[in-house]
There are 2 protein chains.
Amino acid sequence: MDYKSYQENLLRYLLYIPKKDLKNTISRIHPEDVLDALRLYEGDKKKILLKIPEEVMVDIIDQAEDEEKYELLSLMPEKNQKKIIEEMSSDELTDLLGSISNEEANRIIYNMDINDAEEIRELLSYESDTAGGIMATEFIAIREEMTVADTLKYLQKEAPNAETAYYLYVLNDEEKLRGIVPLRDLVIRNFDVVIKDIMNENVIKIPWDMDQEEVGNIFEKYGFLSMPVVDNSEKMLGIITADDIFEIMKEEYTEDMYLLAGLDEDEKIERTIGESVKNRLPWLFVNLLTAILASITVSLFESTISRVVALATFMPIVAGMGGNAGTQTLTLIVRGIAMGELEVENTKKILLKEISIGLLNGLAIGFAIGIISFIWEKNIVFGIVIATSMILNMLIAAISGFSIPILLKKLNIDPALASSVFVTTMTDVLGFFFFLGLASIFIEFL
Amino acid sequence: MDYKSYQENLLRYLLYIPKKDLKNTISRIHPEDVLDALRLYEGDKKKILLKIPEEVMVDIIDQAEDEEKYELLSLMPEKNQKKIIEEMSSDELTDLLGSISNEEANRIIYNMDINDAEEIRELLSYESDTAGGIMATEFIAIREEMTVADTLKYLQKEAPNAETAYYLYVLNDEEKLRGIVPLRDLVIRNFDVVIKDIMNENVIKIPWDMDQEEVGNIFEKYGFLSMPVVDNSEKMLGIITADDIFEIMKEEYTEDMYLLAGLDEDEKIERTIGESVKNRLPWLFVNLLTAILASITVSLFESTISRVVALATFMPIVAGMGGNAGTQTLTLIVRGIAMGELEVENTKKILLKEISIGLLNGLAIGFAIGIISFIWEKNIVFGIVIATSMILNMLIAAISGFSIPILLKKLNIDPALASSVFVTTMTDVLGFFFFLGLASIFIEFL
């Protein structure tokens with residue numbers, strides 16, 4: 001049975017099973033699958049939601065996309081809403097509150113337990129794409145003087161509420177992080193061993209203000225399942241878990257790819273036509289402006305073209321090939337910045353490398369197109385003009401493909417944003433300028 | 001202190017500390033950091049490696065990139081090599097063996113314990129980018145009739161060797177997967193509870209032949225830290241853990257992005273100039289061929305251009321804008337396929353949507369450029385010709401941006417591969433053809 005038919009069967013099941021029977025069976029269905037079935041249903045979702053026990057609704061809303069969370073929550077009766085909010089993990093609740101108006105968010109926070117409310121207000125104060133904005137505050141904190149037996153007893157009480165119980169965090173009186181004990185190390189020890197003797201003091205910590213993309217790189221580098229977030233004084237604030245990182249990696253990557261292609265970061269396959277047009281058209285108009293810039297360049301040489309019409313035929317090759325080579329360099333640099341592979345020390349080396357590659361590729365492609373156009377037009381000067389402008393444009397491609405994303409990064413703008421528009425503007429305008437300019441100079445021989 | 005200076009200090013430390021002192025302190029340094037320090041060192045790495053205890057070398061080689069693993073291993077003395085191989089986790093050893101020649105791999109396998117060797121041969125038989133190719137075989141298997149106390153005792157023996165001990169897998173006599181017990185649930189139970197009563201029977205399993213990109217999507221969807229891999233008869237074969245998924249996501253993302261830009265999937269910032277030229281030049285030559293195709297289209301209309309040179313000025317706009325719009329659609333579709341959002345049922349709907357968007361964007365951009373060229377050239381027919389060809393080319397962009405990746409996917413070719421070359425060929429050739437063709441028909445009025 002494929003996933004689609006499974007979903008349809010599940011939806012039918014959820015719709016027609018009596019409430020008391022669902023209560024006994026729903027724990028066997030993954031909340032994400034319930035969510036998918038709900039997404040499929042075009043009728044009144046309340047019919048299903050009111051049958052689902054609150055504690056399961058908590059898991060379902062935890063798993064939902066940011067904008068879906070509030071939608072699902074608001075379908076529940078007022079009194080259940082309060083209970084669900086109480087039970088939700090802090091990072092998911094923060095996402096929910098961040099997706100609705102300040103007014104609605106304040107109303108929800110106002111109805112919360114005063115301590116939870118304070119915690120949530122603090123979480124909401126972090127930028128949403130930094131470590132502070134993605135962490136959860138439900139971690140298991142222990143003391144170094146506790147024994148293994150103490151810890152296990154403590155776990156019986158605390159583990160069910162924690163975001164992850166697979167790492168226990170050893171804090172001192174000032175809540176500073178002193179060490180970590182993996183649960184797996186704990187269960188293989190004697191009961192009377194003291195935490196201090198088994199804790200790992202070499203803890204890699206995430207600063208609260210680290211950008212989420214960098215957080216993703218650190219997880220990928222070290223392969224951790226969760227990592228602690230600390231403030232400037234090493235006080236532990238929360239934890240980030242692997243499942244958050246999967247989402248971040250997907251989000252950051254999709255964003256880079258979309259920005260490079262001139263798509264808005266929240267463009268989606270399921271968008272309506274109107275939304276998509278609204279998202280894409282501004283980019284196309286920016287491109288139109290740059291295309292007009294290229295056309296103005298061409299128009300400067302209309303008298304040259306009218307004398308040698310073959311220039312119009314070969315013109316798109318010089319510009320287009322520059323654009324292709326520029327996109328290669330650009331993509332490599334944008335991805336290198338995103339993966340943290342490009343650092344201050346190696347930029348100069350990489351620029352020189354890209355220029356060399358541009359030169360070599362320019363020589364190869366220039367030679368090829370020089371020969372082809374010589375055969376086509378039976379004019380050696382024509383071949384030399386196009387080959388020379390191809391080499392020059394490939395150099396421009398390398399330099400702009402390298403420096404535009406780096407410049408944007410320095411200005412604290414996402415290097416993927418608009419990079420390709422700038423690079424192709426450079427290669428179009430200068431490609432036409434070199435080719436038609438050289439042709440004008442040597443017009444006597446063409 | 002930044003990471004770079006930390007690395008340099010660490011390298012100095014590793015170089016000059018006596019062997020017996022390093023033995024006591026190295027467990028406090030993350031193997032990934034040791035690896036980074038080793039990468040920094042341009043001298044004879046043996047000087048450091050021979051000081052590192054074998055069990056730490058195992059972790060370092062586990063963390064290394066595929067090609068680095070054997071390089072590091074072969075610097076160790078023969079007898080240490082054997083011990084390291086014995087201790088390495090099966091998925092990392094498979095990666096190591098997959099990165100060297102069959103001859104060398106066979107020599108290593110021949111020297112292994114016969115049971116381990118058989119297991120490794122089986123792992124090597126799976127395609128490297130499928131679930132079977134990335135899984136590890138070191139998981140903790142328990143029986144449903146065991147009590148919590150039995151299980152904890154068993155864990156004390158087995159946990160240190162397992163890839164992850166955070167989920168325990170309940171198998172029956174035929175090694176079929178019956179349920180899962182998270183370690184966190186185990187530690188909060190009474191000692192005499194039987195596994196059968198606490199295990200979760202609703203286990204989501206990964207089939208052995210699932211493509212790694214899809215495996216990544218499933219992890220992201222459900223947010224698991226590890227998942228079991230089963231064969232066709234539900235027999236459990238191994239597990240995949242979150243850290244493998246981080247790497248896969250990074251690898252697959254980078255690959256898609258590179259292929260779309262015409263970069264080879266293993267292009268890297270640190271490549272040599274020669275390697276990069278060898279990787280990029282073939283793509284540029286493919287692009288050159290398609291650019292020539294576009295030029296041939298233009299050359300068919302040279303007599304038209306010679307009569308109205310302004311056509312050469314506006315020509316790149318029609319083709320270029322089509323390319324931009326095509327790239328938008330293409331990127332959305334390639335990403336949609338990769339994220340598993342594009343299914344058979346919704347393709348027709350999405351095609352119609354993209355065509356509508358193409359039409360609306362075409363009308364908007366066509367109208368704008370029509371007005372601009374009318375003002376520029378003071379000729380209404382010129383404006384109508386360019387507007388009409390813009391609308392037509394935007395439709396071509398939508399159709400080809402949608403159907404080329406889908407077609408490649410159906411042919412079992414990576415949809416990112418060469419998609420953009422095909423799409424821009426379509427928009428270039430047809431863009432020129434529409435614009436210059438219409439201009440030829442209405443040449444009397446231009």
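Cβ coordinates come from backbone N, Cα and C, glycine included.
Given the ranges A:225-246, A:313-334, the record in TrEMBL names A:313-334 as transmembrane segment. Contact between the transmembrane segment (A:281-301) and the transmembrane segment (A:420-443) is supported by 3 or more Cβ pairs under 8 Å, counting only residues 6 or more apart in sequence. When Cβ-Cβ distances below 8 Å are used as the criterion, the transmembrane segment (A:382-408) is approached by residues 310, 314, 317-319, 321-330, 332-334, 337, 342, 347, 350-351, 354-355, 357-359, 361-363, 365-367, 369-371, 373-374, 414-419, 422-423, 426-427, 430-431, 434-435, 438-439, 442, 446 of the same chain, each at least six residues removed from its ends. Applying DSSP to the domain 'CBS' (A:199-257) sorts its residues as follows: 27 helix, 16 strand, 16 coil.
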